[in-house]
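Student: I have a structure here, written as structure tokens, and I will follow up with some questions on it.
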Amino acid sequence: MSSISKKTLYIETMGCAMNTRDSEHLASELGKVGYTQIDNPEIADLILLNTCSVREKPERKLFSEIGHFAKIKKPEAKIGVCGCSASHMGAQILQKAPSVDFVLGARNISKISQIIHQPKAVEVALDHDDSHYIFERSQSTLKAFINVSIGCDKHCSYCIVPHTRGREISIPMRLILQEAQRCVENGVKEIILLGQNVNNYGARFSGTHPKIDFRGLLESLCALEGLERIRFTSPHPLHMDDAFLECFAHHPKICKSIHMPLQSGSNTILKAMKRGYTKEWYLNRVEKLRALVPDVGIGTDIIVGFPGETEADFAHTLEVVDRVQFDTLYSFVYSPRPLTPAAHLENQVPDTIAKERLSMLQHRHQELLAQKAKNELGKVYRILVENVSEGSAQGRSDQGRLLSFEAQGVSVGDFIDVQVVAHHKGSLQAQRLGA
Ligand code: 5AD
Ligand code: SF4
């Protein structure tokens, strides 16, 4: 045991679910050497910024954030920059921001308790193998993120992630099952499997490992007694073969909502992005999915203004949005990132045009959502209650729909049946059945 005891830790987490999970991992490691997590950076002994680099704008804010924490922190408190920006900026961070004490890349999170003792350390090796590392959870929660793989091999031409999280390695199934089992014993009802391309699970392990794919992993997890719900993010549309979709449809514990990152509806742009599928394949997968699970919830990510994107290309994206009628849509203006091939393409789309397309896309999605919400009236859902406060409660259906209802007689963690009674701007109000 280290000499450190009774110290406090503040973590600022940016970015995706993977980063949320990494922050839990950081807190768990530091918990073992005496740190308690708090939510006030002004009195913390250690401040960690767990960063995201997927787009330029939030990354630009990193240095003003560091400046802010440097100003408000206790004089002796340390600042560490972790995560994806740490991975690809490395020592530059120390040069630009002398108040930073160390830099720890996304692939090296498990080394946190050593790094805090090494002034000005930069630990960003992309070949570090964290795939055997499972951490102890300190708190019992309703939902838990579990990694199934680290890194990404896809090299989509716009994406920095392979340069921040390194090559894709699957985590041995034995460890995933152990972690899921421990979660269930601690009261977790829903697990969310995480990976850059979850349905490519099993493509590469760091040691010898019995042959297994994502379906095999899902089937083993479904057999865990006490585990009620399984979600995963993100699957890659390219790997959504019939067998995968049938497995998804077949198992009652697998929630019927799925994230299918489209990125673009234009075949020209999909090719330039190196996505590996066409608009036709994508629509065919949606059709197959809906044939198997008619009320499946489908979410997506779309980038507008990728270099060379014409009005006609964008019209294809809008057409896919119209045809699929996504339940959730995360949309972004293309942001050129260092180390990515697309950043060097000549025909970059002017920002004003990209922003116009973004707002058209978001507007269209909102219209479709409002139409869809009308069809929800009267529908009955079984939901897991996630939040109860001041007389009102929220829960999510299997399909990922968020419903609000009166909190009377319900507690977080209950499964209850509700009926949709009203909608407002795409959000759904419900009434408990049989109460
Ligand atoms: N510019 C804009 N959006 C991006 N994404 C990834 N890289 C970029 C980029 N360079 C989006 C993709 C991805 C989501 C997590 O972020 O849509 O699915
Ligand atoms: Fe997550 Fe990608 Fe951002 Fe890293 S760069 S935090 S993997 S979204």
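Backbone N, Cα and C define each Cβ position, glycine as well.
Note that the coordinates shown come from a computational prediction; the quantities given were computed from them, not determined experimentally.
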Student: According to TrEMBL, CYS16, CYS52 bind [4Fe-4S] cluster 1; so which of CYS84, CYS152 is the extra one listed there?
Tutor: CYS84
Student: Just to confirm my parser: what is the rounded mean pLDDT across the domain 'MTTase N-terminal' (7-121)?
Tutor: 96
Student: Among the binding-site residues listed here (CYS16, CYS52, CYS84, CYS152), identify the one with the smallest other-Cβ count within 10 Å.
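Tutor: Taking CYS16, CYS52, CYS84, CYS152 as the binding-site residues, the minimal 10 Å Cβ count falls on CYS16.
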Student: Where ligand 2 binds, which of the binding-site residues CYS52, CYS152, CYS156, CYS159 are close by, with Cβ under 6 Å?
Tutor: CYS52
Student: Tell me, by DSSP, whether CYS156 ([4Fe-4S] cluster 2 binding site) is helix, strand or coil?
Tutor: coil
Student: Where the criterion is a Cβ under 6 Å from an atom of ligand 1, which of the binding-site residues CYS52, CYS84, CYS152, CYS156 meet it?
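Tutor: None, by Cβ distance under 6 Å.
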Student: Please spell out the DSSP helix, strand and coil residue counts for the domain 'TRAM' (374-434).
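Tutor: Going through the domain 'TRAM' (374-434) residue by residue, I get 3 helix, 37 strand, 21 coil.
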Student: Can you tell me the CA-to-CA distance separating CYS152 ([4Fe-4S] cluster 2 binding site) and CYS84 ([4Fe-4S] cluster 1 binding site), as a whole number of Å?
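Tutor: Approximately 13 Å lies between the Cα of CYS152 ([4Fe-4S] cluster 2 binding site) and that of CYS84 ([4Fe-4S] cluster 1 binding site).
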